[in-house]
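Colleague: Got a structure for you, written out below as structure tokens; questions coming shortly.
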Amino acid sequence: MKTVIYPGSFDPPTNGHLDIIQRAARVFDKVIVAVLNNPEKNPMFTVAERRKMLEMITKEYANVEIDDFNGLLVDYVREKQVSIVIKGLRAISDFENEMQMALTNRKLAPDIETIFMMTNHKCSFLSSSVVKEVVAFDGCIEGLVPEQIQDYIIEKRNSQRK
């Protein structure tokens, strides 16, 4: 059984993230979507909230599991006894950053492979940062994030303004 880990901040999950999850779920037997708890970032959503949103948008996929981790990705991947990490790429600028991280991971753990998957061209401009900026200015996030979590994101924004 081939299992892959798809790590990320997912703050919040976007249609680009969902595109990678859906396609990975077709290619691999099991996809573990791993939410990074990065204490150096100031996320809009807690790890629990990000997990909840990911569970909401992937509930129809029996082979997708949502998890979270702290620390080095390679340590988490080994803990899960997985040898493949999948990363989504939107543009050449993503490749440069992801390639550097993949090579670092290879140096730390030569037994772990990184596979790059191109995001659907319709999502090539999309990032969690773009979504957060649009929602901060009361813009419409329809088409940027999965429909199931649009209200959740707007409610979070509204609660932060109180």
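Note: Cβ is positioned from N, Cα and C throughout, glycine not excepted.
It should be emphasised that the depicted structure is a prediction, and the values quoted were computed from it without experimental measurement.
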Colleague: Among Glu79, Glu98, which residue does Swiss-Prot name as a further ATP binder in the site formed by Ser9, Phe10, His17, Gly88, Leu89, Arg90, Cys123, Ser124, Phe125, Leu126, Ser127, Ser128, Ser129?
Modeller: Glu98
Colleague: Could you state the whole-number distance in Å separating the C-alpha atoms of Leu73 (substrate binding site) and Glu98 (ATP binding site)?
Modeller: 13
Colleague: Within 10 Å of Lys87 (substrate binding site), Cα to Cα, which of the binding-site residues Glu98, Ser124, Ser128 are there?
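Modeller: Candidates kept after distance check: Glu98.
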Colleague: Mind giving me a neighbour count for Leu89 (ATP binding site)? Other Cβ atoms within 10 Å of its Cβ, every protein chain shown.
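Modeller: Result for Leu89 (ATP binding site): 17 other Cβ atoms within 10 Å.
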Colleague: Cα of Lys41 (substrate binding site) to Cα of His17 (ATP binding site): how many Å, rounded?
Modeller: 19
Colleague: Pop the Cα-Cα gap between Ser9 (substrate binding site) and His17 (ATP binding site) into the table, whole Å please.
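Modeller: Their Cα atoms are separated by 10 Å.
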Colleague: What kind of secondary structure is Lys41 (substrate binding site) part of, going by DSSP in three states?
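Modeller: DSSP call for Lys41 (substrate binding site): coil, neither helix nor strand.
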